[in-house]
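J.: Below is a structure I'd like to ask you about.
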Amino acid sequence: MALERTFSIIKPDATRRNLTGKIIDRFESAGLRVVASKRIHMTKAQAEGFYAVHKERPFFNDLVSFMISGPVVVQVLEGENAVAKNREIMGATNPANADAGTIRKDFAESIEANSVHGSDAPETAAEEIKYFFKDEEIVG
């Protein structure tokens, strides 16, 4: 077991429905600590940069539009095997395929409006964390 950090976004569909606290409770109840957090309204440029890996995918423009449609909460979560644990808590990308008791099964509206984003690997987490946070903003 390794202590690691992962990156999380609580998406506009969840912030719009005041689910931020309930989602954070899921992370904390599973043993993850929030070591950095801020509520922001992403600019189009921020969203395009963050999701640049998907630039050639057919859903890119819709994803960017959705992510700038309202406030999001960007966070750094820390804990044992944080990346894998967060992905387990979130559930499958498509809420129809997510296990009962996961964030996406319980709160998501659709595959796009699926309430949360989480890093898929420790290397990705490090990149995503640096995209939104300075080192001094992360307090463990």
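Even glycines carry a Cβ here, placed using N, Cα and C.
Relevant sequence annotations retrieved from Swiss-Prot are reproduced here:
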- LYS11, PHE59, ARG87, THR93, ARG104, ASN114: ATP binding site (BINDING)
- HIS117: active site, pros-phosphohistidine intermediate (ACT_SITE)
J.: Between the residue listed as 'active site, pros-phosphohistidine intermediate' and ARG104 (ATP binding site), how many Å separate their Cα atoms?
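T.: Rounded to a whole number, the Cα-Cα distance is 10 Å.
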J.: Sequence gap of 6 or more, C-beta under 8 Å: which same-chain residues meet both conditions with respect to ARG87 (ATP binding site)?
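T.: Spatial neighbours, sequence-distant, of ARG87 (ATP binding site): GLY118, ASP120.
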J.: Count, for each of the binding-site residues THR93, ASN114, the other C-beta atoms lying within 10 angstroms of its own C-beta, and report the residue with the smallest count.
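T.: Minimum Cβ neighbour count within 10 Å, taken over the binding-site residues THR93, ASN114, occurs at THR93.
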J.: So, three-state DSSP: helix, strand or coil for LYS11 (ATP binding site)?
T.: coil
J.: Under a three-state reduction of DSSP output, how is THR93 (ATP binding site) classified: helix, strand, or coil?
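T.: SS state of THR93 (ATP binding site) = coil.
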J.: Out of LYS11, ARG104, which has the highest number of nearby Cβ atoms, where nearby means within 10 Å of its Cβ, if these are the binding-site residues?
T.: LYS11
J.: Including all protein chains displayed, how many Cβ atoms other than that of HIS117 (active site, pros-phosphohistidine intermediate) lie within 10 Å of its Cβ?
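T.: Neighbour count, Cβ to Cβ under the 10 Å cut-off: 20.
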